[in-house]
Amino acid sequence: ILLLSSLLSLIIGSILGLTQFRIKRLFAYSTISHVGFILLALSINSTESIQSYLFYILQYTISNLNAFIILVTIGYSLYLYTYKNEKQKDKLIDQNNSPVQLIEQIKGYFYINPFISISLSITLFSFAGIPPIIGFFAKQMIFSAALDNGYIFMVIIAILTSVIGAAYYLSLIK
């Protein structure tokens, strides 16, 4: 059951993440995909897989907190950059109380604050599992545990969904 749930989470999270243009939804589908990796580690049930599970949870938590802190910082700085001279502040708060909702809104942010943009890029590369960032090592540990226990098909699916995930993370970066 865990293996099937892992497979479905990996596929559904990755494919539906490609269709998103809202940042929160993109991260929601990304989380579904990452849960697939976590379930894969749990379904293997070996010492190596439990270690990879714990490491993946740790790195994902740190990366996710970092991503949301950076997005809040981007939202706040865009708010200040765009509306600092606005007289009617009550018109600036939207229905969801979030200044940054769409991927399109953070396009070109590098020219406003390169440091924050590079920080977000590194965090997204970690989510995608690009070496030498910590997300790569977490996924590598899960792949190693899966291959050692004969889950070759699941590793192939996980690698393919990682590539798909990298595509929608890159949409945030460009």
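Cβ atoms here come from the backbone N, Cα and C positions, even for glycine.
TrEMBL: automatically predicted annotations, no manual curation.
Annotated features, as they stand in TrEMBL:
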type     : residues : note
DOMAIN   : 1-165    : domain 'NADH:quinone oxidoreductase/Mrp antiporter transmembrane'
TRANSMEM : 27-46    : transmembrane segment
TRANSMEM : 53-79    : transmembrane segment
TRANSMEM : 115-138  : transmembrane segment
TRANSMEM : 150-170  : transmembrane segment
Folded-back contacts onto the transmembrane segment (53-79), same chain, C-beta under 8 angstroms, at least six residues removed:
23, 27, 31, 34, 37-38, 41-42, 92, 98-100, 105-106, 109, 112-113, 116, 119-120, 123-124, 126-127, 134-135, 137-139, 141-142
When you scan the chain for residues with a C-beta under 8 Å from the transmembrane segment (27-46), skipping those not six or more beyond its ends, what do you find?
2-3, 5-14, 16-17, 20, 52-53, 56-57, 60, 64, 67, 127, 138-139, 142, 145-146, 148-149, 151, 154, 158, 161, 165, 168-169
